[in-house]
Amino acid sequence: MGLIKGDPVTLVTLNQPLSVSGNYDASKMWVSVLVLVTTVALMAMNVRGAQIIGILFGTLIGWSECFARGQDDSIFLYPFDTCSPQQLAADLSNANATADGTGSGFDNSPCYCYAPQQVAVLPEIKNTAGAFTFGALNNKVFWIAVVTFFYNDLISCAGTMIAVTGKAKIRDEKGNLPVGNTNMGYLADSIGTIIGACLGTSTVTSYVESAAGVVDGGRTGLVGITVGVLFGLSTFFAPLISQIPYMASSPILAVVGALMCTSIQDFNWSDVEESVPAFACLIMIPLTYNIAFGIISGVGLWVIIQLILVPYRLARKEDPFVKFKMLFEEELSHDKMCAASCGTFLNELGKNDDDKQKK
């Protein structure tokens with residue numbers, strides 16, 4: 001959405017000023033905000049397909065402006081923090097100063113606005129499909145990369161399924177997915193990954209953005225099949241679909257992120273044994289741009305905390321590995337884990353002492 005930008009001192013900061021006259025990117029930022037509030041308002045009114053309407057609304061604004069004013073005069077040029085008139089004028093000046101007359105400038109600028117030049121094209125995969133090379137099989141770096149991608153894909157798939165099924169409320173009474181359905185989810189993800197790699201595409205895998213479809217009522221495999229067919233058809237319309245501007249799509253991702261927060265609404269955030277690792281998981285996913293790294297950081301922190309608490313539990317005459325053992329119980333729940341936390345144990349001791357004093 002462009003509201004946040006990089007900063008050499010604080011790493012990130014607000015992209016200010018927020019006025020259109022003082023910040024070239026502000027036009028895109030305010031359209032993004034408009035798309036966001038429009039989508040949320042439609043969702044609040046229970047309008048089906050609110051996210052699609054929001055994307056179409058933002059896309060119509062971007063395309064209309066780009067067609068009407070052209071690349072040189074558009075106020076919706078991308079990338080962010082690059083395309084102000086002052087920067088473009090400097091590029092043009094530098095281009096004119098070169099001996100051969102080449103450079104950036106308006107004609108060869110890296111800046112662009114989104115507007116389709118074609119509607120459909122016949123897709124070609126001859127340059128990527130089956131482009132295998134086996135020379136790296138004897139290189140240990142190759143196998144390290146394979147293992148790294150494997151656990152990234154595995155954990156990302158698990159995190160996506162947990163999040164989306166939680167939003168869809170299709171888990172059993174224990175909060176678990178049926179084993180058969182889980183296996184099929186992993187199988188579909190792995191087959192997609194293999195076929196996608198053979199065709200030379202980026203990883204074909206499950207995505208947490210599926211929550212947007214869940215909100216609109218998607219619950220069965222028929223939804224996934226329909227989406228897959230539409231994805232296949234979209235390859236013919238890549239020139240059109242690829243021109244959807246960020247100011248139309250980014251707000252929808254923000255909405256999806258907000259919807260996913262409902263999965264933690266019943267979490268006991270007062271239990272530091274559970275809440276701090278959970279927070280580490282939540283915050284590391286966006287900061288590292290990787291679901292796997294987030295889950296690993298949360299799980300690793302939880303294990304370290306439990307190991308540090310072993311002597312303390314022994315002194316309190318508790319089972320030092322009580323939480324590790326609970327991981328293998330069939331009827332495991334978040335409430336049961338919190339009940340076994342040291343803080344809960346101390347609270348219970350305090351209550352018992354109060355009760356004795358009252359008596």
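Placed from the backbone N, Cα and C atoms, the Cβ positions cover glycine too.
Record features (TrEMBL):
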type: TRANSMEM; residues: 29-45; note: transmembrane segment
type: TRANSMEM; residues: 141-165; note: transmembrane segment
type: TRANSMEM; residues: 186-208; note: transmembrane segment
type: TRANSMEM; residues: 220-241; note: transmembrane segment
type: TRANSMEM; residues: 248-267; note: transmembrane segment
type: TRANSMEM; residues: 287-310; note: transmembrane segment
*Sort out the residues at least 6 away from either end of the transmembrane segment (29-45), same chain, that have Cβ-Cβ distances under 8 Å to it, and list them.*
1-3, 15, 18, 20, 23, 51, 53-55, 57-58, 61-62, 76, 215, 246-248, 250-252, 254-255
*Sort out the residues at least 6 away from either end of the transmembrane segment (287-310), same chain, that have Cβ-Cβ distances under 8 Å to it, and list them.*
151-152, 154-156, 158-160, 208, 273-274, 276-278, 280-281, 320-321, 323-324, 342
